[in-house]
Amino acid sequence: MKNQEIAEIFEKIGDILEFKGENPFKINAYRRASQSLRDLSVDLEKIAGERKLRGIPGVGEGIAQKIEEYLKTGRIKKYEEIKKEFPEEIISLLKIPGVGPKTLSLLDQKFKIKNLAGLEKVIENKSLTGLPGMGEKKVKNIKKGIEFFEKKKGRTLLGVALPLLDEIIDLLKPKVEKISSAGSLRRMKEDIGDIDILTTAKNSRKVIDYFISLPFVERILARGETKASIISKKGIQIDLRVVPSDSYGAALQYFTGSKSHNIKLRSIAKEKGMKINEYGLFKGTRKIAGKNEEEIYQALGLPYIPPELREDQGEIEAAREKTLPSLVKFDEIKGDFHIHSEYSDGEDSIRMIAETAGSLGLSYLAICDHSQSVKYAGGLSIKDVLKRNEEIDYLNKKSKRVKILKGMEVDILADGTLDYSDALLRELDLVIAAIHQGFRKNV
């Protein structure tokens, strides 16, 4: 799916336009489109065609044309043009918490800041003091933002990495025998450094050549007979390894990690007179396990440990004592307490959401649309809330399969009050309090 790639480009266009001081309506148009594409569950390539694209919230004629352009050519001319004016190094500063387009524009005008080093320099020599909107608190927040930015630099959120992984696996599956993610992505960490993929195949060279020719590849870092590393168009490094079938389990265990978990396993293997590496588990020169992970753990006297638990946080001790916790399975999930409908910024009707929930075996769900102050996300007026609640009551009477709860994601306003009156809140089954503004205010 190219949804996320296009959404990211529109977000960057919006940032650059704000940096340039362009029309706010134009800026918001790109940002609305970006958010809609991020939330869209349908593959854009399946609904290609300007008329269909214009049915997406926030997608007008101009935006639809740019989506079509990207789907056909892999680029958007307008973005390529404005990128030349504003190099990526400058725009990347917008990822620093506390540095928005207006702040960055001010810094550029006053100090011609072009990179992080330049920003750190003007903070260090206290040049920011006295500038409009640059009080001591603001400068302190930017310094904290830089620390956070440095800590997270090169990291990618799991929610961004997983769709890309799915796309790669779908493309590679017909060419390989077995395929799986590895590393921190397979352990489902909140953010990841890069995407590791392991495969087995009869012809490793063909798989490698095919991989480096895929459309998401921006740059090839390394290429060999059984391994390749690339940088994707999203800026994420992806490493592909093709391993022998009889070592697939050993390689999968080894490259999944974590490092500290693997160190513990090596220690256990050593105690038993064995050696473990990415090729297998060995007793002397005899290979005793390696085809799959289960046989490796079994040979070490342990039950299989799910990847999500492999952090050396007591999972090996629990495995030895047969007290490993069970991971939550999809069929054990009985409901969802936070769903947005088409009343605010969701895509589907409440009826469709309830029908889908029933087909998934859920027993209940809560519709929690945005409250009235969040206008950019279709926040509900009091009249809209009452109308939506009537629809929920009607649907609950019509079908007992799934209980629909009346909820709202209610903003905590800058003065500390809630976005609706107590009388209206009493009409709801549950309230999720949210903050979308005034993050740094003490109330």
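Glycine is no exception: its Cβ is also placed from the backbone N, Cα and C atoms.
Automated prediction, rather than curation, is the source of TrEMBL annotations.
On the 0 to 100 pLDDT scale, the domain 'DNA-directed DNA polymerase X' (1-311) averages 89 in this prediction. If you look up TrEMBL, you'll see 1-311 marked as domain 'DNA-directed DNA polymerase X'.
Summarising the annotation, TrEMBL assigns domain 'Helix-hairpin-helix DNA-binding motif class 1' to 51-70 (among others). Same-chain residues lying 6 or more positions outside the domain 'Helix-hairpin-helix DNA-binding motif class 1' (51-70) and placing a CB less than 8 Å from one of its CB atoms are 2, 5-6, 9-10, 29-30, 32-33, 35-37, 40, 44, 76-78, 345, 347.
Look at TrEMBL and you will find 91-110 (among others) tagged as domain 'Helix-hairpin-helix DNA-binding motif class 1'. Taking DSSP states H, G and I as helix and E and B as strand, the domain 'Helix-hairpin-helix DNA-binding motif class 1' (91-110) has 15 helix, 0 strand, 5 coil.
Residues annotated as domain 'Helix-hairpin-helix DNA-binding motif class 1' in TrEMBL: 126-145 (among others). The domain 'Helix-hairpin-helix DNA-binding motif class 1' (126-145): residue composition by secondary structure is 10 helix, 0 strand, 10 coil, according to DSSP.
Here TrEMBL flags 335-414 as domain 'Polymerase/histidinol phosphatase N-terminal'.
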